[in-house]
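Here is what TrEMBL records for this protein:
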{"type": "ACT_SITE", "residues": "HIS118", "note": "active site, pros-phosphohistidine intermediate"}
{"type": "BINDING", "residues": "LYS12, ARG88, THR94, ARG105, ASN115", "note": "ATP binding site"}
{"type": "DOMAIN", "residues": "4-138", "note": "domain 'Nucleoside diphosphate kinase-like'"}
Amino acid sequence: MSATQQTLVLIKPDAVRRGLVGEILRRYEAKGLRPEALELRTIDAAFADRHYSEHVDKAWYPPLRDFVTSGPLVAMILSGDRAIEAVRSLNGATDGIAAAPGSIRGDFCLSNRENVVHASDSPESAAREIALWFGSDV
Ligand code: CDP
Ligand code: MG
């Protein structure tokens, strides 16, 4: 199936602190994905709770919330053919140790929390997350 999609992607605060923004963006662009919106943001706890609404009751959520609010991150909308699947594939598995070498997480982290990037996991979550982060801008 071929279809142009949009997906919401975050370069998380660990990656911004470590100077990985350019390298990560380079990989998305090299694949053929294009930014339609891109902004440096620092989010508060209430916004984190909305973004991670499916996870707020998990035992590991409080430290995740502390992490994602710990400094600036880069929020973006990427577009391209099957962009949701394409970005999830480039990002790799959630746990950086399990993530395949060559993927962003596989190459740049050892953590299942501070794992460099986020991306929408379905058309429904992409629509919800794009509306949350970029509202009526796009
Ligand atoms: O980000 P992804 O969709 O791959 O994973 P998730 O299962 O939806 O979890 C969302 C985020 O929560 C992960 O990317 C990790 O940053 C974090 N997480 C965590 O802190 N501890 C876990 N045991 C699992 C996930
Ligand atoms: Mg997820």
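Placed from the backbone N, Cα and C atoms, the Cβ positions cover glycine too.
Looking at THR94, ASN115, the binding-site residues in this record, the fewest other C-beta atoms within 10 angstroms of the C-beta turn up around THR94. Per the record's binding annotation for ATP, residues LYS12, ARG88, THR94, ARG105, ASN115 show a top Cα-Cα distance of 15 Å. Listed in sequence order, the residues ASN91, GLY92, ALA93, GLY96, ALA99, ILE104, CYS109, VAL116, VAL117, HIS118, ALA119 complete the 8 Å Cβ shell around the ATP site centroid, once LYS12, ARG88, THR94, ARG105, ASN115 themselves are left out.
Looking only at the domain 'Nucleoside diphosphate kinase-like' (4-138), the predicted model's pLDDT averages out at 97. A separation of roughly 9 Å, to the nearest angstrom, links the Cα atoms of THR94 (ATP binding site) and HIS118 (active site, pros-phosphohistidine intermediate).
Cα of ARG105 (ATP binding site) to Cα of the residue listed as 'active site, pros-phosphohistidine intermediate': a span of 10 Å. Shown for the domain 'Nucleoside diphosphate kinase-like' (4-138): DSSP residue counts in helix, strand and coil, namely 63 helix, 30 strand, 42 coil.
Only THR94, HIS118 of the recorded positions listed as LYS12, ARG88, THR94, ARG105, HIS118 bring a Cβ under 6 Å of any atom of ligand 1; the order follows the sequence.
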